[in-house]
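Peer 1: Structure below; questions to follow.
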Amino acid sequence: MNESRWTEWRILNMSSSIVNVSEHHSCPLGFGHYSVEDVCIFETVVIVLLTFLIISGNLTVIFVFHCAPLLHHYTTSYFIQTMAYADLLVGVTCLVPTLSLLHYSTGVHESLTCQVFGYIISVLKSVSMACLACISVDRYLAITKPLSYNQLVTPCRLRICIIMIWIYSCLIFLPSFFGWGKPGYHGDIFEWCATSWLTSAYFTCFIVCLLYAPAALVVCFTYFHIFKICRQHTKEINDRRARFPSHEVEASREAGHSPDRRYAMVLFRITSVFYMLWLPYIIYFLLESSRVLDNPTLSFLTTWLAISNSFCNCVIYSLSNSVFRLGLRRLSETMCTSCVCAKDQEAQDPKPRRRANSCSI
């Protein structure tokens, strides 16, 4: 009964908004329609900027991994590369709503385009989030079980885990094609997605319980315990320094305290960014599916805030790795050296003089 009333209210609300804007669609952020160019300028700028950052950032990560063989010796690199490929595809997929904002007349089969786009980007974000959780588990095992880590985490098991992540992500959103509900608000740029494809409280709880909540809890649990271990190591080093203020302990403090402190700060940034970008989206997803809140502006902002995590991943997880930074620096030096050598070669090569009143091809 409440479901039917909510549907009727939304249809009436949308019909009244359509009457108000007459021939034009309303923009997602509610700033109205720009009738001069037939484009929602602000929304287009936001999506184009995010798309550029996501594609350029993850292309850099993938290129450095392929050009730096040392990175392949780290087990975390398997998940970082998988996450980079998934986030790169997120950026490429974001070109679809950009084109939709630039040209509202999408033609036939808008419902199919909306469903396919929503499904694909939901799967890619699921892979990215699952990789974040797997990276945290990998770091947790490396710190808590250092002696048996190489036996627990093998390349074969890592490949199987990555395959299972893709299969699980594809299956968990598949019921959206069978009328269970909308997997998210990524496709609400399309008119059909925003007005005709409604969310379902049961399907939302299904996704949150099987994907978002486990990933968030795993990240919180593992990094919290890693942070505790780092603090414990720092405390032990400080106690040893207080009891035995020798040169050996001073050297161990300089070699051990600073890395632990830096690692703890990296973990704090990782966890903070993860929750700041994903928690608003999850909360709004639950509230809107429960018919408590319906705000297109919040829907747009929380959705693209969560999608921006695809750019933050490549910045935090890659640039916090010292080996990756070394590979990036060497790659940059190689490219700069090749450019300088090419310019020097051009400067050294003698150029033939042109005769007056002559033509050269």
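Glycine is treated like the rest: Cβ placed from N, Cα and C.
The disulfide bond feature in Swiss-Prot is assigned to Cys114-Cys193; the stated evidence is sequence analysis. Swiss-Prot lists Asn2, Asn13, Asn20 with the feature N-linked glycosylation site, giving sequence analysis as the kind of evidence. What Swiss-Prot records for 1-44, 103-115, 181-205, 287-296 is topological domain 'Extracellular'. Marked as topological domain 'Cytoplasmic' by Swiss-Prot on the basis of sequence analysis: 66-81, 137-159, 227-265, 318-361. Per Swiss-Prot, the feature transmembrane segment maps to 45-65, 82-102, 116-136, 160-180, 206-226, 266-286, 297-317; the stated evidence is sequence analysis.
Burial and contacts for the listed features, if you can.
Peer 2: Under 8 Å from some Cβ of the topological domain 'Cytoplasmic' (137-159) lie the Cβ atoms of residues 75-76, 78-79, 218, 222-223, 225-226, 229, all in the same chain and six or more residues away from its ends.
Model confidence over the topological domain 'Extracellular' (181-205) is summarised by a mean pLDDT of 78.
Among residues of the same chain six or more beyond the transmembrane segment (160-180), those with a C-beta under 8 A of the stretch's C-beta atoms are 78-79, 82, 115, 118-119, 122-124, 126-127, 130-131, 134, 200, 202-203, 206-207, 210-211.
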Peer 1: Can you say which of 45-65, 116-136, 206-226, 297-317 has the most Cβ pairs under 8 Å with the transmembrane segment (266-286)?
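Peer 2: Against the transmembrane segment (266-286), the leading stretch is 297-317.
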Peer 1: Compare 116-136, 206-226, 297-317 by their Cβ pairs under 8 Å to the transmembrane segment (45-65) and return the stretch that comes out on top.
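Peer 2: Comparing 116-136, 206-226, 297-317: 297-317 has the most Cβ pairs near the transmembrane segment (45-65).
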Peer 1: Could you give the residue numbers and ranges of same-chain residues that sit at least 6 residues beyond the transmembrane segment (297-317) on either side and whose C-beta is under 8 angstroms from one of its C-beta atoms?
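Peer 2: Those are 28-30, 43, 46-47, 50, 53-54, 57-58, 60-61, 80, 83-84, 86-87, 90-91, 94, 121, 125, 128, 132, 135, 184-186, 188, 266, 269-270, 273-274, 277-278, 280-281, 283-285, 288, in sequence order.
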Peer 1: Please report the number of other Cβ atoms within 10 Å of the Cβ of Cys193 (disulfide bond).
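Peer 2: So the number of other Cβ atoms within 10 Å of Cys193 (disulfide bond) is 24.
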Peer 1: State the count of C-beta atoms found within 10 angstroms of the C-beta of Cys114 (disulfide bond), not counting that atom itself.
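Peer 2: Within a 10 Å radius of the Cβ of Cys114 (disulfide bond) lie 26 other Cβ atoms.
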